[in-house]
């Protein structure tokens, strides 16, 4: 079935003399009043790694969803292997040889690799015979593309990098010739990311076509052959990667010159403001996530916590900010012990001078169905500033929100608008403005620029450094290693709930790679 | 990126419920036609019965007052993210407090009876709601389950009280009647138009309760906490809002509002407490709250509609004896079905009509282009 499709599809392609795997012509897609894609032209050459970059909301994911059959384009043509097609749904896309590796893996945790790979493509009534066939095919694929995974291993026992390989194998097993990868390195250590790139190169050399969606310019430079830049739903341009630079790409993405480097002076650390001692935290089902962690943050310095997502950073943040009582250990702010009693410790911690920008603004930092001004007082709603006694002064709260909208250049400039209607970057500014525009001694900030556009990243980084220069202590937790290195004065690397080592922000890539995988480079050497 | 487009406010709040009610009446009309009566006659009887006379208005507004109390009770809990199904039981138990105080004070003056029984009803209703609230906050027992259970417990407990403890001598399962000096004034004492109707001074409490709820939810810090917890419990935790405290307080307010029904119905009209006096009003409150989108204005309108259905339905059964009273229940059920369970049915159609208009207006478009 699959072979029929591709062979018949290849005929006209060759007749037309086209070496294009994908050709999009004037593809448009609107969601109500929002034009997500506008007259997009995109040509992807066969046997190439084609990068697509753009800020959040530039329309990359929508475009790929159209190609994968998840959305239907309002207008425009899609040519696959030189043949005009109308992609009905994702199984149709697969028949055409287009496979997708999602940002969030779609695997059944307590199934084996083999079972996951045949899931949805079992083929026959009896499982055993299709399993045997799949095993042969899997061995062949693993050999051809260097994708080594034990077919009988349970998914829950695999590392994130291995899980991703299973996702790629899944797509290949279903006959994908064109692989779309959506932000594939978000959950990987630098070493794992490099391994992924080697796999992608091998796939290309074996005749596959790769489309890589990412917002990390470093990855584009490292692995792609060609790169297309999108901005505000439009295609800005396509260039050979060899002919461009990260600075040029950033300029194309934002539409103006941006500073990729953060300028800052050396830190002048003062007294210890935040002290964490022998802290252990378990998650909601009782699994230990933070194990005996101790560190401190001094006034006037930024301490970064690096590490791959899911190594206990979330639970560490929750405990420090008073959202979760730790199992063991102490948190002190200005020498004062935080008492975890009741379920409103976060309010007490705020009163002690800690401001918290949570790592997930949509889940924690904001109530998206609230109007902007209502989010501008979240956590500070009991303040006399927003009305005396039990009453809430809407007028005062709106005036306060308007002031912050001005200070942090939040757009649109309307505090009466529902927060869900703001872009990711502006939502983050709402949170940041709320937490920074007050008396504070220590700012705890998680993933400050996740899902935030480059222009806003620049602004947010500047604000954080300014705060440090005012003599405040900053604890920065981020999975973006570049961000950690650019902002921090000291870096602690977290792995499996423990702090592996402390590194200088200018330590080598190798040291970061090793420690993020749990090996202390100082001991290893 | 949600596929669902936001509609103009007036469409969601006014047009959509109006269409739902219209559809309920059309299908109800079909049912009337099936038993061989003229649907238009039936609808006219229903409408005239509810709004045609001063007495009709009086009954409609009296029933509406009950529904305002139980509807607001559901709404307050709903804003805190809880589904309080226990209005029925809370109003029932509140009747005990209200009547005991009323009977105790009925030789003094009606103002004392009004204030005393109001306070007692609110306290009892609140207590009956606090227990499920506490169980939810501290023990994680789902409030839907516990409030349903508490309706049954209330029913058994009140049955016992009325049969064994506070029974009037010689009566069967009811208290003695409130003596003349303690009876609440009827509206008909002041306005002739409301003659022969049970509408009484508690109606003003209904209006006050609507205003109180609006101020509480949107103009106080407590209301802010309630809404934050209801909309996003994680954000509430992040903000240092105590879920335990807010849940218990919101349930207490909810129960107190439901309890106010006892003052209107038991003290004001029946002047004694009888077994099962709530008669489903607590449950209708759920439909009222949903139809009114948990907003006081919406609840006032929905309560008026249900009050009219109650009153008009009785008149309909009287005017057209061929129409069985069950048919009125069917129409009420259809209204609940179309406004509650299927309330979003017209959304896709209205979206197609109004989304185009939004697109046509460029200023509207720029404000919502935030996330592309």
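The backbone N, Cα and C atoms fix where each Cβ goes, and this holds for glycine too.
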Notebook entry, point to check: Pick from B:89-105, B:174-190: which range has transmembrane segment per TrEMBL?
Noted result: B:89-105
Check: Per the 3+ Cβ pairs under 8 Å rule, pairs at least 6 apart in sequence, do the transmembrane segment (B:89-105) and the transmembrane segment (B:238-261) touch?
Finding: yes
Item checked: the transmembrane segment (B:196-217) versus listed stretches B:12-35, B:55-77, B:111-131, B:297-313, B:325-346: most Cβ pairs under 8 Å -> B:55-77
Checklist line | Positions on the same chain near the transmembrane segment (B:55-77), where near means CB under 8 A and six or more residues out | finding: 48-49, 83-84, 87-88, 90-91, 143, 187-188, 193-200, 202-203, 205-206, 209-210, 213, 216-217, 226, 250-251, 253-255, 257-261, 264-265, 269, 281-282, 284-286, 288-290, 292, 294-296, 299-300, 302-304, 306-308, 310-312, 314-315
Margin query: Out of B:12-35, B:143-163, B:238-261, B:325-346, what stretch is closest in contact terms to the transmembrane segment (B:111-131), meaning most Cβ pairs under 8 angstroms?
Written below: B:238-261
Next item on the list: With the transmembrane segment (B:143-163) as the reference, find which of B:12-35, B:238-261, B:273-290, B:297-313, B:325-346 contributes the most Cβ pairs under 8 Å.
Entry: B:273-290
